[in-house]
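Copied over from TrEMBL:
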ACT_SITE  Glu59  active site, proton donor
BINDING   Asn46, Val47, Glu48, Asn49, Ala50, Ser51, Tyr52  substrate binding site
BINDING   Cys57, Cys90, Cys93  Zn(2+) binding site
DOMAIN    5-127  domain 'CMP/dCMP-type deaminase'
Amino acid sequence: MNSSIDWPELAAQATAAMRRAYVPYSKFPVGAAALTKDGRIVVGCNVENASYGLTLCAECTLVGALQMSGGGKIAAFYRVDGEGKVLMPCGRCRQLLYEHRGSDMQLMTVSGIKTMDQVLPDAFGPENLFRIASELMTESFDAVDVIRTKLDHGILSQAQIAWTIDAYTRGVIAEEQMAALNMAILLNGMNREEIAQWTAAMIASGERMEFSSLRAVNGGPVNAQGSKPTSDKHSTGGVGDKITLPLAPLVAVFGVAVPKLSGRGLGHTGGTLDKLEAIPGWRAALSNEEMMQQLQDVGAVICATGSGLAPADKKIYALRDVTGTVEAIPLIASSIIE
C-alpha cells in the first residue's frame, strides 16, 4: 500500500464536492475525490435528472473532470455520502474507475483501504474486448483453400503464404491443417518464388538480429557498413554431421563472426544441440545479448534459436519431425535460408 497518500485531504475534497451535488429527487448527495498519478486532485458529485437513467454518479463527473484536466490515471479514490462518511462505489462506477485506474490504485472503503483488484476482482476491461475482437476478426484466407491449392499442384500467392505463416503462428491454423499443407508441399513441391516468399514470411514472424554493432579487432576485415562481417553454415541434414564444430572457429580465426543457430534432432538424425548438451555445463539457450557478447569476444557462437527469432520455423520444424515431412525440399530450403 502507498503510505504517502493524504487520505484526510481526499476526504475533505470529496466532502466539499458532495456539497455541490444536484439531487432534487433522491436528496442523497454524493461526493468523490481522486488523486492522479501525477499528483493532481480531481473531484466529482452526483447530478440527477428527472429521467432517472440520465443521472450521473459522482464517479462519472469525476472522470469527466479527469479527462478535461489533462487525463491520466487514478492513484487513490475517496467517496462520501451526505454526512461525509465513506461510501462504496456502485458496480457500474467500479467498472468506470477500473478503466481509469493506475496500476496500484487504492480506494478508501467501509472496511479500510483496498486495491482496485480487491474491490473489482477479475474485472472485464479493454484488453478483453481487444482479445474478443481479434478472435472474431475475419481472416483473409481459409486454411482448407490454401491446402487444396497445393494439393491441386497450384501456386500459392504471396498474400496466401504471408497469411499462412502468420495465422499458424497465431494459432488460427490448426496443427493438423499445417501438417496437411506440409505433406502437400512434400508431394507437389514449390517453385523458387514460393520458397522465397515462404522464407520471407517466416523471417517476418519474429525478431530480427542486427549485427552492425560487431566491431573488427586487430585489423580484421570489415563490411560495407564498417562492422565485422558475418557468415553462417547450415547442413541439409545427414546421419553424422560433424562440420559445425571445426568450421565455426576456423572461419572466426579470419575475423568473420559466425552466429551458428543449431537445432534439435530431426527425423532419424541427432541434432547438433542434442550432441553438444552431452558436454557438462554447456548451455544451448542464450539470450540475444549473450549471443552478441560472445560473437564480439570469441568470434563464434553455437546456440539454440532465441524464443523471439522465427517462431514460425520452430513450430513447423517440430511438426515436420512428427508428420513424416522432414524430406520436404522447399521446407528444408526455407528453414536453412531464414
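Cβ from N, Cα, C; glycine included.
The Cα atom of Cys93 (Zn(2+) binding site) lies nearest to that of Glu59, taking the recorded positions Val47, Glu48, Glu59 as the candidates. Sequence-distant neighbours of Cys57 (Zn(2+) binding site) (same chain, 6+ residues apart, CB-CB distance under 8 A): Val30, Asn46, Pro89, Cys90, Arg92, Cys93.
Proximity of Asn49 (substrate binding site) to non-local residues of its own chain (separation of 6 or more, Cβ distance below 8 Å) is seen for Thr55, Leu56, given in sequence order. For the binding-site residues shown (Ala50, Cys90), fewest C-beta neighbours within 10 angstroms: Ala50.
It is 19 Å from the Cα atom of Ser51 (substrate binding site) to that of the residue listed as 'active site, proton donor'. When Cβ atoms from all protein chains are considered, those within 10 Å of Val47 (substrate binding site) total 16, not counting its own. Counting neighbouring Cβ atoms within 10 Å of each of the binding-site residues (Asn46, Ser51), the lowest count belongs to Ser51.
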